[in-house]
Structure formats: structure tokens, C-alpha cells
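Visitor: Okay, these came from TrEMBL:
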- 122-155: repeat 'TPR' (REPEAT)
- 189-222: repeat 'TPR' (REPEAT)
- 404-437: repeat 'TPR' (REPEAT)
């Protein structure tokens, strides 16, 4: 029973209702229940009071009591369809209010309660699925939408909801099936585009090309479809046609690409510099085909090395003795195919081409020699030809003492030949170029510990962890290697650099997990939040889990 704090006069029904609504809005559900019960005692004919009383019990967590109150209210009156419709609309309105205020749990309770009154309402299934998804349980949301599909097999929205979630979870085959159902009943350029993106993920290039073409047919000004169509054609071997569509995409949205290549967009920091360079080539009014082929090959080599090699062959057909073409051939075999013998042969051919070439004067002879010997040194390091690698790296430094890769490679080769002091000196030179490099600090730490300079080595390993926590697993492997070699004993304190191994899926917040799994206070930061681990599919609608390898991923072009 409530009381009036300003007078001894009892509150009127409108005043009681207002007080109940206030308590309800403040989530003081027991107080709201008391007030609405008083309203019913004083005015049992006002049906809305029963609705609010049941709602208060529902949000308090007693679903059975809520439904009992609602059913009893209708049982005592003449049950009419219009009244039930009005009641359901009341609940829908309250659910929308809680949904808009991000009180997803309350919205879910209300939508689930509505289904007891109208179990075939597709709008409720749609909103209930979204409410559950926004709480992170994507699998449960998919099941809710599937019930909607069972009720109405042609429900475009349900298929679209599922497709979006499947795509975020990288379940591309399931997403493709849903998108295909959507376009079957309602062709749309955006849906065809998303369908095409999913098809590229499973490398069904012909089907992806068809989807992007359909998107363009429905919306000729949609620039992203041109870009991804162009990339799909290029990967399929249709280079000239693909480049043509890429250029059309730029023409459809010229300002964005001009800002992108001019470093005027905030997203530029996340874009591969090779992509920026290639886009600049495409924006150039008259660029030689060989430069387009080489630029596009660089951009593709990381993800699609085979088309990249074909592009280099086309460049070589134009200029048979081009130094850069042979060098890029070798880079692809070295970096992406791990065929170091073939890479070595390509690098040798690059040096020979330099003597035969009469047209390639874009790079100085000294720079060519530095690149050539650096490439040979890296290959020989992989092929365990350490003395020859040392000679190559020293030659690089003679031609260009600013190439830090040469010092790093030299340090590795010297370690393998047992010249540890010289290897340490070489890694210290690396840190002069990049004092905050986790790679150089970590390897220097390894060399120092190997050389029995334990304290100094641990100092650099710890610095590496501070600079870049994602190297945790690599540092751990270095420590294990040192232990196996007898360079570390169990008495050495490694608590500040050994990673903590949290569970792959948290059932509670990280903060509470740490409280139940305590570590030393100064080791708190060494959880390594940037470490990449294999996780179960995240239950989240965060766009960061919607990873795809398409032209928009590379360029960050707008959706």
C-alpha cells in the first residue's frame, strides 16, 4: 500500500496510476505491483490496471503470475478480439520502449509473453530474434527466425535476418542459401552484393561474378559492386575486363577514391599501402600497362598468389628483361609459396636481367644491387647456407646501410654460425633504426640469454611484450627453445613475460575471472589482449567479426 507524502488525503486513481508508472519506469517492480493492486481494489473495472499489474509481475520474473492475471482479466469480461488486439499492441509498445532503451532482457520477456496470445505474429518473431541477438546469443536468434520461416516460408525478412548473422559468423554457405531465398522473392542490389561477397569467401568466382553483375543491373550507380566485380574477374584471369570494372567503380565514386589515395580519410591507416599505390595508378590518366600489371600483382600476391604470377607473366611479355618483374616473381615464391629454391632462381634472373635491360632506368644500380643481395641472403638463410647469406647481407649494407632487414638477416645467420657476439651487435643496429620493434627486441633478448646474459635478455624480452603483446606466443616459443638448449633453468623468474592462458570462452566477465585466478599485481597487463587466439564463434553483433576478403575489406570503401 502506498502513501501520500504531502497530505493525508488518499491518492486518486490517476495519481495512483501515475505513481505505478513511475515505479515501473524505475524498475521498482514490487512497488509498482503494490500500487497497481491498490488501483484494482479501488477500480476493478479499469482493464489497463490489470495489464500493468501483469507487466510488473512479468518484469519481476514471474511469467506464470503475469499470464494468470491477464487471462483472469479477460475471463471476467466478454472476451473480444478487439480487446485482445489492443492488449497485444500495448505489450508491443512496451517491448519497443525497452528495446529502444537497450533493456534487451525486459524486451525479450515481453515478446515471449506476446507469443502466448498470438503465436503466428511474424513481427514478434522478427523483433524477438533481434532482441536475443542484441544480447549476444546469435544461435538462439537464428532459431527464433527459423520458427518464423516455418510459419511463413516466403518471409523475406526472416531469411535476411538469418543471412546477416550467418555472414557475421562466417558460415558463408548458410548465408548464401538465405540470400538466395531473399533475391528469389525480392531482388535487390544490396542483397545481390552481399551474396556476391559470401560467394567470394568460398571462392565460387563465377557465381560471385553473376551476383555482382545482378547488383549492377539493378543499381547501375552502386560503386562497390563494380569494385568487387572487377576483383573477381581479375582473380578468375580476366584481367583487362576486371581492370575496366575497377576503373568504372572509381568513376562512380571519384571523390572517395581521391580522398583515399590522398590520405584524407580517417580509415586510411587500416589500408594496405600497396592498395593505395594501385589505386593511384588507376587514377592516373595514362599509365603504362606494365605498371598496372606489376601494381595489381603486388596487391593480389598476399591472398591470391597464382593470379599474381600470371599478371607478372603479362608484364614480362611487355618487358622481358625488367628487373622488378623478376624480383616480384621471387617475392611471391618466397613469401607466399615458401618455395625458396624457385625464389632463389628468380632472384638470380633478376640480376641477369639488369645487365640485359636497356629500358629499365627507374631504379639506381646501387639500389638494385642492395635489393638483389637482400633477396639472395634471405633465401640462403632459409636454405641453411649461412656463410653465403652472411656475405649477401654484408654486401647489402655496403650498398645501402639503411636497410634494417639486412642487419636482422645478418644477425640470424651469424647466430647459426656460432658468432653470437657479432649477432648481438647486428640486432642492436636494428634497434637503432626502430627502437620500439617487438621483433628486434625479442630476438635480441633471445641472443643475450643464449649468450648467458640472462638479466639483459629478460629485459629485452619484456620490452618486446610491452611494445606488442601479440608476440606473446613467439616469445614463449623462444623461451621454450632456450630451456631445451639448457640456457634457462627453473630458478629464473619468468612471471613477467610468460603468458597467462585464459579459457577460450568466458562464462563470466574477464574482471571476475581474474579475481578467481589471481596473478601478481605487476603482471596484470600481461594478459596480452592483442594476442590472436582461436575462439569459438563470438556471440556478438559487433561488425569487427564480419570479416571478409573482398575489395571493400582492402580499401574500406563505404557500404
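Glycine is no exception: its Cβ is also placed from the backbone N, Cα and C atoms.
Because TrEMBL annotations are produced automatically, they should be read as predictions rather than curated entries.
What does the local environment look like for each feature on the list?
Guide: Residues 92, 95-96, 99, 102, 104-105, 107-108, 111-112, 114-115, 161-162, 165-166, 168-169, 185, 537, 539-541 of the same chain sit 6 or more residues outside the repeat 'TPR' (122-155) yet have a Cβ under 8 Å from a Cβ within it.
Panel annotation: around the repeat 'TPR' (189-222), residues 160, 163, 167, 170, 172-173, 175-176, 179-180, 182-183, 228-229, 231-233, 235-236, 252, 548-550, 552 of the same chain, lying at least six beyond its termini, place a Cβ under 8 Å from a Cβ of the stretch.
For the repeat 'TPR' (404-437), the model's average pLDDT works out to 96.
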Visitor: Cβ under 8 Å to the repeat 'TPR' (404-437), counting only same-chain residues 6 or more beyond its ends: which ones?
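Guide: Counting only partners 6 or more residues beyond its ends, the repeat 'TPR' (404-437) has Cβ contacts under 8 Å with 370, 374, 377-378, 381, 384, 386-387, 389-390, 393-394, 396-397, 443-444, 447-448, 450-451, 467.
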